[in-house]
Amino acid sequence: MNIKNIANVDNETAKYIKLETERQKNMLEMIPSENYASKAVLEAVGSVLANKYSEGYPRKRYYQGNKYIDEIELIAIERAKKLFKVPYVNVQPYSGSPANAEIYLALMKPGDTLMGLTLSYGGHLTHGSPVSMSGAVYKGVLYDFGEKGKIDFDELEKLALKVKPKIIVASTTAYPRIVDFAKFAKVADKVGAYLLADISHIVGLVIGGCHPDPVPYAHVIMTTTHKTLRGPRGAMIMVTQKGLKKDPDLADKIDKWVFPGLQGGPHDHVTAGIAVCLKEAGTVAFKRYVKQVVANCKVLASELTYYGFDLVSGGTDNHLILIDTHNKGINGRLMAIGLEEAGIILNRNWVPKDEAPPFFPNGIRLGTSALTSRGMREKEMKKVAAWIHKAVEAMKTLEFDYKTWVDIAYGQKKDPQKRKRLDSTFYNLISICPDIKKTAQEIKNFCKRYPVPGIDF
Ligand SMILES: Cc1ncc(COP(=O)(O)O)c(C=O)c1O
């Protein structure tokens, strides 16, 4: 992007935008909730639409001058309706977390029960966790996968019959397998609950036919727009025919809880970005892209398994992989830090039955959405897996006592000050490790061959 004007006004901010641009170009971005938006989407987000205020909805605004903004919001809505085959869409939510809150406000009263997947099994904070408003205002009852590593729908039904939830959330944020919306619907329908499908992660896969469609089963669907959809940071709430049948006022209720319930003026520049990304998502090229994301992820998973990584559930059906780092003897936090030094960006993550607190989880989560947006395919995934392996092996050779670190971070000898000192030792060792440095250089050279959409090379 051209940031000449920023540089003229504000050199400090420009400097860091430039550095971040270089970072995005020179490293392997593998956080599964991230992606690269196209230049067209970035242009929309950086446009004059950011200047406008338009509280309300198209043709029903509280401010003047919204003639063109109305058209843009209507285009976004119509595109989403067509793409997902739903009768109602709200494109104003600022992001996924407020969108979920808006749905809860529309469908529940404070103190009502919602059921969502627990965090360590791949659920999201906004699905009833006590540390989020979803579990503080409502009664979050969290389910997990039980012993078999899969949702036991008989158990889910028993739990639902017992706690009588108003909403069951069928959604994951760190789960490498298919979400069976039909089975969730059977349980929700039996107990009279609303089924909310939060498809923030898998939305692109749903559009591309690589994941079952929630539309026939869910009453309400929420998605963020910045993950596999490759749009701007935002979210959409959709109501299905099934949802309107259960409650004909559902769409109105959601509209009211988005504005004025929780939000003020919509971010019109983001709405334009959503309109553009939905146009892109309707193309054959996008369908090809998501198929490649999944194919890449499968190759990456089998290569990582070959290198002895312990994949939660044994593999992947979607765009992401969750690795349990116990067998490598390196905590997920340290592994993620070490891999960053090697040029590989992913996030640490809880794994099922993790004994560690969330800040020091024993897992890492990685995906192929962003790398595939750069044009990487199966053969490149083999290289990526080899680099991850090489970097982790290099970490193992460091003169660093990973076991003591665990004891000090969250074990028997817990000592935050000492842990910070040990962290510094780790940073120092990793920053001078020759194999890590070599990997970072190799990755930098490799990345030059794969342009980042939205960045001029
Ligand atoms: C399934 C799911 N829902 C909701 C959210 C929240 O989205 P945001 O970070 O845009 O608030 C996320 C974000 O990672 C998510 O994965």
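Just so you know, glycine gets a Cβ as well, placed from its N, Cα and C.
Residues or ranges marked as (6S)-5,6,7,8-tetrahydrofolate binding site by TrEMBL: L119, G123, H124, L125. The domain 'Serine hydroxymethyltransferase-like' annotation in TrEMBL covers 7-388. Residues annotated as N6-(pyridoxal phosphate)lysine in TrEMBL: K227. Taken from TrEMBL, the feature site 'Plays an important role in substrate specificity' covers H226.
Here the features listed in TrEMBL are placed on the structure.
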residue	record	DSSP class
L119	(6S)-5,6,7,8-tetrahydrofolate binding site	helix
H124	(6S)-5,6,7,8-tetrahydrofolate binding site	coil
H226	site 'Plays an important role in substrate specificity'	coil
Quiz item: Across all chains shown, how many C-beta atoms besides its own are within 10 angstroms of the C-beta of H226 (site 'Plays an important role in substrate specificity')?
Solution: 24
Quiz item: Among the recorded positions G123, H124, L125, H226, K227, which have a Cβ atom lying under 6 Å from any atom of ligand 1?
Solution: H124
Practice problem: Using the recorded (6S)-5,6,7,8-tetrahydrofolate site (L119, G123, H124, L125) as reference, state which further residues of the same chain have their Cβ within 8 Å of the centre of those residues' Cβ atoms, listed in sequence order. | Solution: G116, L117, T118, G122, T126, H127, S129, S132, T173
Quiz item: About how far apart, in whole Å, are the alpha carbons (Cα) of L119 ((6S)-5,6,7,8-tetrahydrofolate binding site) and the residue listed as 'N6-(pyridoxal phosphate)lysine'?
Solution: 19
Exercise. Select the most exposed residue of L119, L125, where exposure means the fewest other Cβ atoms within 10 Å, treating these as the binding-site residues.
Key: L125
Exercise. Compute the average pLDDT of the predicted model within the domain 'Serine hydroxymethyltransferase-like' (7-388).
Key: 97
Quiz item: Counting every protein chain present, what is the number of Cβ atoms, excluding its own, within 10 Å of the Cβ of H124 ((6S)-5,6,7,8-tetrahydrofolate binding site)?
Solution: 24
Quiz item: How many Å separate the Cα atoms of G123 ((6S)-5,6,7,8-tetrahydrofolate binding site) and H226 (site 'Plays an important role in substrate specificity')?
Solution: 18
Quiz prompt | Cα distance (Å, whole number) from L125 ((6S)-5,6,7,8-tetrahydrofolate binding site) to H226 (site 'Plays an important role in substrate specificity') | solution = 18
Quiz item: If you skip the near sequence neighbours and keep only those at least six away, which residues in the chain come within under 8 angstroms of K227 (N6-(pyridoxal phosphate)lysine), Cβ to Cβ?
Solution: P32, S33, E34, N35, S200, H201, V203, G204, S369
